[in-house]
Amino acid sequence: MANNNVYSVLKSLLLLLHLVFLSKQHVDSASIVKFLPGFEGPLPFELETGYIGVGEEEEVQLFYYFIKSERNPKEDPLLLWLTGGPGCSAISGLLYQNGPLAMKLDVYNGTLPSLVSTTYSWTKTSSMIFLDQPVGTGFSYSRTQLFNKPSDTGEAKRIHEFLQKWLGKHQEFSSNPFYVGGDSYSGLVVPATVQEISKGNCQCCNRPINLQGYVLGNPLTDCVYDCNYRVPFAHKMALISDELYESLKRTCRGEYVNVHPHDTECLKFVEEFNKLTNRVCERHILHSCCETETPSCYSYRFMLTTYWANDETVRKALQINKESIGEWTRCYRGIPYNHDIKSSVPYHMNNSIDGYRSLIYSGDHDIQVPFLGTQAWIRSLNYSIIDDWRPWMIKDQIAGYTTSYVNKMTFATVTGGGHTAEFTPKETFMMFQRWINGQPL
């Protein structure tokens, strides 16, 4: 009887160990993807997808897409790209902004939407990791209930942990120059992540990451600048009259958000401003705010991507864990999230002091994060200019304007650009290529 009990206990322990072993099989998993449903033929680049577990028990499973540089992956820079949001999937970067694939904008007929190659992918010159973060974004998920909700500063730590583990499993890239990039809301998280990596590099027990700098497009940085400068931007772009602009300046004194409820005169003019601009497409003021879903509508690609990413053959090809999520959504707004970084300006200051390069660029037709606000917070850093405001060119054509500073920061506008890179793919690619190669714009 005793022997039977011992046998039963041993059997239970072996079963438990087996289950633990199986549970670890999807942790830190990686798969090479050679074909993707919707794309004709083999992929013309090397794609890897997988999960990296972070947290004390690796309960958070972060999903990534990794694409090797199409030029020289052994030596080219490695760029981690963080999509804004928070809660917007890395597919936004991969299929809309600076990746090697895009949705083919055909009328949806019930079949799987098609993918096409892009001409100006940043993977032409760098290896790229597109990361679904925070947890709950894209295909990332948690195996247990989280007691600490994600936050800006918390994400910086999780991303740092992700990178340490990812590079531990891809040691052939550990010596490559490493950069962090992103756009929109990532303007808060990326500088904090850079600082977190920099601090980690100084600690004895961490494997150093070959961090060189960061790149940000139309980055949300501080609402004091980003939000308040929407008014002068609208005036410069002829969206509001001279008279209204002067009235706003006089009554609001540069403070156009969180106006005191007793300041009725300022509120009156802010309301008039909102009425004049509420039908303007925020991400690009020259684009239409579509009311119908047609291929000519900017947001049509979002619908196509939703059909594509929720197709079972696509999920199988990407090796998506069935535990991950139900329906994939491009931007999941239901993530409990603590917005604990109100301004990333101090992080920029610290990163500059630590000697990291930075490229800050602005599409000049974005009213969400207008270039005027970005210029204002850069001025607040009070760095000396080494290359004053000048045009940067592509084949004798003005592609934008740029200024360089002694702290290794470069600011550039992109003429005709919007909130993200896809509005001007050639210009943003050429700008990035020159900067990442250490060339002047």
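Yeah, the Cβs are placed from backbone N, Cα and C, and that goes for glycine too.
Look at Swiss-Prot and you will find 1-29 tagged as signal peptide, backed by sequence analysis.
Feature annotation from Swiss-Prot assigns disulfide bond to C88-C331 (among others); the stated evidence is similarity to another entry. There are 24 other Cβ atoms within 10 Å of the Cβ belonging to C88 (disulfide bond). C88 (disulfide bond) falls within a strand segment according to DSSP.
Annotated N-linked glycosylation site per Swiss-Prot: N109 (among others), in sequence order. Within its own chain, N109 (N-linked glycosylation site) has no residue 6 or more apart in sequence whose C-beta sits under 8 angstroms from its own.
Long-range C-beta contacts of S184 (active site), restricted to its own chain and to partners at least six residues apart, with a cutoff below 8 Å, comprise T83, G84, G85, G217, N218, P219, L220, Q368, V369, H419, T420. The annotation active site is assigned in Swiss-Prot to S184 (among others).
Among the features that Swiss-Prot reports, disulfide bond is placed at C252-C266 (among others). Of all Cβ atoms in the protein chains displayed, 20 besides its own lie within 10 Å of the Cβ of C252 (disulfide bond).
For C297 (disulfide bond), applying a Cβ distance below 8 Å and a minimum sequence separation of six or more within one chain yields S288, C290. Swiss-Prot lists C290-C297 (among others) with the feature disulfide bond.
Around the Cβ of N350 (N-linked glycosylation site), the same chain contributes Q195, each under 8 angstroms and 6 or more positions distant in sequence. Sequence annotations record features per position, and here Swiss-Prot assigns N-linked glycosylation site to N350 (among others).
Swiss-Prot lists D366 (among others) with the feature active site. On its own chain, D366 (active site) has N218, E282, R283, H284, I285, G417, G418, H419 as residues at least 6 apart in sequence with a Cβ closer than 8 Å to its own Cβ.
Annotated N-linked glycosylation site per Swiss-Prot: N382 (among others), in sequence order, evidence recorded as sequence analysis. In this view, N382 (N-linked glycosylation site) is surrounded by 9 other Cβ atoms within 10 Å of its Cβ, with every protein chain counted. Annotation note: N382 (N-linked glycosylation site) sits in a coil segment as assigned by DSSP.
Summarising the annotation, Swiss-Prot assigns active site to H419 (among others). H419 (active site) is surrounded by 23 other CB atoms, counting those within 10 A of its CB over all protein chains shown.
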Taking every protein chain shown into account, which of the disulfide-bonded residues C266, C290, C331 has the largest tally of Cβ atoms within 10 Å of its Cβ?
-> C266
By CA-CA distance, flag whichever of C88, C331, N382 among the recorded positions is nearest to C252 (disulfide bond).
-> N382
Expressed in Å to no decimal places, the gap between the Cα atoms of C266 (disulfide bond) and C331 (disulfide bond) is 34
